[in-house]
């Protein structure tokens with residue numbers, strides 16, 4: 001949803017080219033990462049079930065925390081948008097706070113996070129994927145309709161005009177846009193956790209190709225058509241630029257919310273698993289940590305639900321902390337750009353490349369070694385400038401943000 005804004009900052013040529021380059025890099029490093037699932041042999045070697053087993057767990061889990069905060073911000077904005085558009089439709093000047101919707105989103109996560117493990121949430125993942133396709137098509141369709149309704153000469157003029165801002169300000173926006181595109185390719189952070197089935201590396205390589213190809217097509221369509229529809233006025237959230245038809249926009253925003261409810265769990269479950277398994281290993285004799293209590297649910301034929309006291313307290317605390325952080329930093333584009341910039345190089349590029357070099361035992365300064373290191377260095381520089389732009393945007397947003405008025 002932020003890609004139309006990102007394409008606007010970069011322009012018709014640099015925007016799509018940057019997006020395609022990020023997709024190709026992610027596809028390439030994902031194939032390297034898929035081979036790292038087993039070591040030393042990619043087919044018969046010992047499994048690395050998590051990033052921590054593979055090498056770079058600390059970087060991954062720090063990023064996962066940021067992603068769950070970002071999803072809380074985004075979901076609350078979409079829920080608030082449903083209420084805000086209703087007010088606008090009624091020509092009522094009402095102020096809609098996102099804080100209450102962050103609390104609602106957090107309350108839903110308090111319940112879902114008590115599901116013991118990720119594999120019991122596969123249905124949520126499927127539902128989230130369907131919702132993602134739904135709101136992407138709605139945003140794309142509304143953008144196409146807006147372009148078609150505009151006169152050809154007016155549309156060409158709008159999409160080739162740059163905002164009247166200083167060169168320095170424009171450059172910071174370009175850096176933020178790169179961070180937003182990087183965030184769109186952040187799935188490598190959970191690739192090892194979701195990798196399974198026989199011949200895992202071959203299966204995940206095919207899945208990565210299909211997944212990245214499909215999403216890149218969606219990204220290009222939403223980004224470019226959204227830019228064509230709004231020109232220099234492309235909003236940070238594509239859906240927020242439309243006001244009619246109200247019912248369709250509500251469907252789209254509800255779809256985003258449902259998608260992010262599931263996505264939050266996909267990215268939070270590795271954190272839950274790491275902390276709980278570590279605590280069980282360290283304190284195996286503490287019943288508070290290791291003992292499950294069965295609670296019978298009335299009217300369900302004696303069906304029981306297993307409750308672990310430590311899981312209840314720890315996961316609830318995590319959801320509360322991420323919700324509070326979202327309340328303190330409710331800036332959609334800037335926060336997503338910062339997460340994308342901070343995670344893309346270490347998790348999508350550096351660690352997969354270093355794992356491949358170590359596993360393949362590439363000699364230093366060989367042609368392949370220098371090529372991979374050059375790619376890693378280039379991505380590091382891109383991530384640094386994107387992070388700089390995101391930090392600058394965050395500082396500017398904080399200067400005008402009043403949390404008690406939000």
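Note: Cβ is positioned from N, Cα and C throughout, glycine not excepted.
Taken from TrEMBL, the feature domain 'Amino acid transporter transmembrane' applies to 1-395.
Long-range contacts of the transmembrane segment (12-34) within the same chain: residues 3, 6, 42, 159-160, 177-178, 181-182, 184-185, 187-188, 191-192, 195, 200-201, 204-205, 208-209, 212-213, 215-216, 219-220, 223-224, 227, 344, 348-349, 351-353, 355-356, 375, 379, each at least 6 residues beyond the stretch ends and with a Cβ under 8 Å from a Cβ of the stretch. Taken from TrEMBL, the feature transmembrane segment applies to 12-34 (among others).
Same-chain neighbours of the transmembrane segment (61-82): 1, 51-52, 96-99, 101-102, 104-106, 183, 186, 189-190, 237, 239-240, 249-250, 253-254, 256-257, 260-261, 263-264, 267-268, 270-271, 274, 322-323, 325-326, 329-332, 335-336, 338-339, 342-343, 347, counting only residues six or more beyond its ends whose CB sits under 8 Å from a CB of the stretch. Positions annotated as transmembrane segment by TrEMBL: 61-82 (among others).
Residues or ranges marked as transmembrane segment in TrEMBL: 94-112 (among others).
Counting only same-chain residues 6+ beyond the ends of the transmembrane segment (124-145), those with a CB under 8 A from a CB of the stretch are 1, 4, 112, 218, 221-222, 225-226, 228-230, 238-239, 242, 248-249, 251-253, 255-256, 258-263, 265-266. The transmembrane segment annotation in TrEMBL covers 124-145 (among others).
What TrEMBL lists as transmembrane segment is 209-230 (among others).
Annotated transmembrane segment per TrEMBL: 246-267 (among others), in sequence order. Proximity of distant same-chain residues to the transmembrane segment (246-267), defined by a Cβ-Cβ separation under 8 Å and at least 6 residues beyond the stretch ends, is recorded for 1, 64, 67-68, 71-72, 74-75, 78-79, 81-82, 85-86, 89, 105, 108-109, 112-113, 115, 118, 121, 124-125, 127-129, 131-132, 134-135, 138-139, 142, 189-190, 239.
Taken from TrEMBL, the feature transmembrane segment applies to 318-347 (among others).
The transmembrane segment annotation in TrEMBL covers 367-389 (among others).
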